[in-house]
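Chemist: This is the structure, below, for whatever I ask next.
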Amino acid sequence: MAEGNWTRVNEFILMSFSSLPTEIQSLLFLTFLFIYLVTLLGNSLIILVTLADPMLHSPMYFFLRNLSFLEIGFNLATVPKMLGTLIAQDTTISFLGCATQMYFFFFFGVSECSLLATMAYDRYVAICSPLHYPVIMSPRARAKLAVMSWFPGIPVATVQTTWLFSFPFCGSNKVNHFFCDSPPVLRLVCADTALFEIYAIIGTILFVMIPCLLILCSYTCIAAAILKIPSAKGKRKAFSTCSSHLLVVSLFYVSLSLVYFRPKSNNSPESKKVLSLSYTVVTPMLNPIIYSLRNNEVKNALSRTFHKALGLRNCIL
């Protein structure tokens, strides 16, 4: 329904990878479907194993379980719709559907930044204050830290999504992305968005960069503590307890930086789509693999769980 020069938008069109030939889109569908299934399976296994195995009931694995929940949610928010656009050419998404997708994208993304900082603090306490670790990271304390990690995503997602979708949209309703991310949707707004953009910058500093700085501070202290350990074996053991987390953090923040902090002149919509795949599709798949392959406790727990499952199956048969 037209109102002056404005058009009330009831739905959006996700451009996704529609510029590519159909054959390439089919290949991308199969590739992303495989990655999606591996992501769901890998993170679900991490959750089940850390719950089932008593050896993995420590604070580190409690936070790892929370991270796996976040990765599954983050993946579910964006990937299924992208798969639909690739295989069924279902590129339309309702106004409410677009807002919902953006809400959960912000919620899980901000919560993950906070949780990664919490996990860095956990490693800091474990290495720098090992004698006080059981007291500082008591079950009650780590539950509070987990809630504090999940909570920031709610106000950020609520304010940013509600504010953005309260703007009038005019002209094209084509979102040049494979999901409803803030920058491409904001380009369709026909109103002054300066205040919103200032808020977005402040929000990024508060909820993305500050957790990153806390992680850097934690690992600076961890590195200093490791260097004071006299034996090489002790240094390797201490570093091995945080190497997986450090690798996960690096992947997450490097991929975010490549998408959101590159100069606009070097950041075409097509390149942004490709780079966005790194944190929406690839990183959630790699996290359980990193923690499984680089962590003997997780590998041993997976082996024990599979042996128990096979033993139970043989008893039933």
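Using the three backbone atoms N, Cα and C, a Cβ is placed for every residue, glycine included.
Remember, TrEMBL labels are computer predictions, not curated facts.
Given the structure is predicted, the values throughout are model-derived calculations rather than measurements.
Pulled from TrEMBL, these are the listed features:
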type	residues	note
DOMAIN	42-291	domain 'G-protein coupled receptors family 1 profile'
TRANSMEM	27-51	transmembrane segment
TRANSMEM	63-83	transmembrane segment
TRANSMEM	103-124	transmembrane segment
TRANSMEM	145-165	transmembrane segment
TRANSMEM	198-227	transmembrane segment
TRANSMEM	239-262	transmembrane segment
TRANSMEM	274-293	transmembrane segment
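Any idea what these are sitting next to in the structure?
Modeler: Residues of the same chain lying 6 or more positions beyond the ends of the transmembrane segment (27-51) and with a Cβ under 8 Å from any Cβ of it are 17, 20, 57, 61-62, 64-65, 68-69, 71-72, 75, 79-80, 82-83, 86-87, 281-282, 284-285, 287-289, 291-292, 298, 301-302, 305.
Long-range Cβ contacts of the transmembrane segment (63-83) within its own chain (Cβ-Cβ under 8 Å, at least 6 residues beyond either end) map to 14, 16, 29, 32-33, 36, 39-40, 43-44, 46-47, 50-51, 93, 101, 104-105, 107-109, 111-112, 115-116, 118-119, 122, 142, 145-146, 149-150, 178-179, 248, 280-281, 283-284, 287-288, 291.
Listed by sequence, the residues of this chain that lie at least six past the ends of the transmembrane segment (103-124) yet keep a Cβ under 8 A from its Cβ atoms are 59-60, 63-64, 66-67, 70-71, 73-74, 76-78, 137, 142, 145-146, 148-154, 156-158, 160-161, 179-182, 207-208, 211-212, 214-215, 218-219, 221-222, 241-242, 245, 248-249, 252.
Sequence-distant contacts of the transmembrane segment (145-165) (same chain, six or more residues past either end, CB-CB distance under 8 Å): 62-63, 66, 95, 98-99, 102-111, 114-115, 117-118, 121-122, 182, 185-186, 189, 196, 199-200, 203, 207.
A Cβ distance under 8 Å defines the sequence-distant neighbours of the transmembrane segment (274-293), meaning residues of its chain 6+ beyond its ends; these are 32, 35-36, 38-39, 42-43, 45-46, 64, 67-68, 71-72, 74-75, 78-79, 177-179, 181, 244, 247-248, 251-252, 255-256, 258-259, 299, 302.
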